[in-house]
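Trainee: Quick one: the structure is below, and I'll ask about it shortly.
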Amino acid sequence: MDKLKISANGPLNGEITVSGAKNAALPLMCAGLLTSGTLRLKNVPMLADVATTQKLLQGMGARVLTDNISEFEINGGTVNNTCAPYELVRTMRASILVLGPTLARFGEAQVSLPGGCAIGSRPVNQHLKGLEAMGAEIAIEHGYVKAKGKLKGARVAMDVVTVGGTENLLMAATLAEGTTVLENCAIEPEVVDLAECLVKMGAKISGIGTSTMIVEGAGELYGCEHSVVPDRIEAGTFLCAVAITGGRVVLRNAAPKTMEVVLDKLVEAGAVIEAGDDWIAIDMRQRPKAVDIRTVVHPGFPTDMQAQFMALNAVAEGSCRVVETIFENRFMHVPELNRMGANITTEGNTAFVQGVERLSGAVVKATDLRASASLVIAGLAARGETVVERIYHLDRGYENIEKKLGSVGANIERVSG
């Protein structure tokens, strides 16, 4: 099993190209099931979850071609299987996103209940409730969601803001008969990206980027070409890496307007930030200052950046509180950071961080995707060698992270065994 060996190597300097967003690419790939035409996606990150989604779509009969760099062609005209099996779905929560488009187009779907990161119960009840409101008959049998029925437009008010639920219901509504009103929608950039692609495919959607979207069902959707939005979480992770080591790095193919709250927090921590339409520059010449964090739904501070800022705060000047309001059980990186010398205590959904001068390298275990990123960041500033184990979590969401960080001066190496 691969590991990362990391040693502090001073400030980071240079340029990094940000990949396309995993959280946008996966639903966009699933949208290929809505049409018999060809969906051409560009700026797709080559990640484990993308490969799993490719296998899932191919297992359903779709034709999926890739250049293995950043482009995919998905043709749903050959789909002949409406079942998404446990063997593939168990490793990735986003697999549930085939449910809405498959049901809407074929009138039936079977999807195994999903797996993915172990960061609390992220139920799919909002997905199912919305589909039932649109006329689906749904049963859960032997670990599978079994859905059937011709979907019709309806008013769907989600009880909680859910990114996956919004995406699943949005895709389903594009082929439903009549008008669907989706209320309490997630407004994350990745949701907006999906909606904009669906419009290119022929969907009629109003209210994109707001909490209420109205979808006029189309009889048919068509192929199109679409470029995946840049990954704001990957960009934020690299910015935290520079903030903890010092130095100056420019991120290319970035989308600063999608991550303004993260940039504001980095400025509060002492970084100098400059940005253009598609680039972000960070210059850090001092010890970071501790910053309070409270995760909330977009456009607030993203839960997917909480762990990275926890690592930054661990060596910051002063003390702070980090409050996690989105997921329970998302402080699993705290014991590992404390093993490296951090001074962090937790009480319920709040972590109290007292910054220390320096962390010490240690063997640590990744427990989920973003927790693994926080351990990499901590290792870049720790005295001695840090070994991050179980980095298969990292590979689910970061494309060549060791190569990208190495290109700007980080001492980081992937090793086997």
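Including glycine, each Cβ sits where the backbone N, Cα and C put it.
A quick note: this is a predicted structure, and the numbers were derived from the prediction, not measured.
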Trainee: For the UDP-N-acetyl-alpha-D-glucosamine site that Swiss-Prot lists with Arg93, Ile326, give the additional residue from the candidates Asp67, Asp304.
Mentor: Asp304
Trainee: Which Cβ among the binding-site residues (Lys22, Asn23, Ile326) has the fewest C-beta neighbours inside 10 Å?
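Mentor: Lowest Cβ count within 10 Å among the binding-site residues (Lys22, Asn23, Ile326) is Ile326.
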Trainee: Using C-alpha atoms only, work out the spacing between Asn23 (phosphoenolpyruvate binding site) and Asp304 (UDP-N-acetyl-alpha-D-glucosamine binding site) and round it to an integer in Å.
Mentor: 11
Trainee: About how far apart, in whole Å, are the alpha carbons (Cα) of Arg93 (UDP-N-acetyl-alpha-D-glucosamine binding site) and Lys22 (phosphoenolpyruvate binding site)?
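Mentor: With distance taken Cα to Cα, Lys22 (phosphoenolpyruvate binding site) is 13 Å from Arg93 (UDP-N-acetyl-alpha-D-glucosamine binding site).
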Trainee: Can you give me the same-chain residues 6 or more apart in sequence from Asp304 (UDP-N-acetyl-alpha-D-glucosamine binding site) with a CB-CB distance under 8 Å?
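Mentor: The answer is Ile233, Arg370.
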Trainee: Once the chains shown are all counted, how many other Cβ atoms turn up within 10 Å of the Cβ of Arg93 (UDP-N-acetyl-alpha-D-glucosamine binding site)?
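Mentor: A count of 19.
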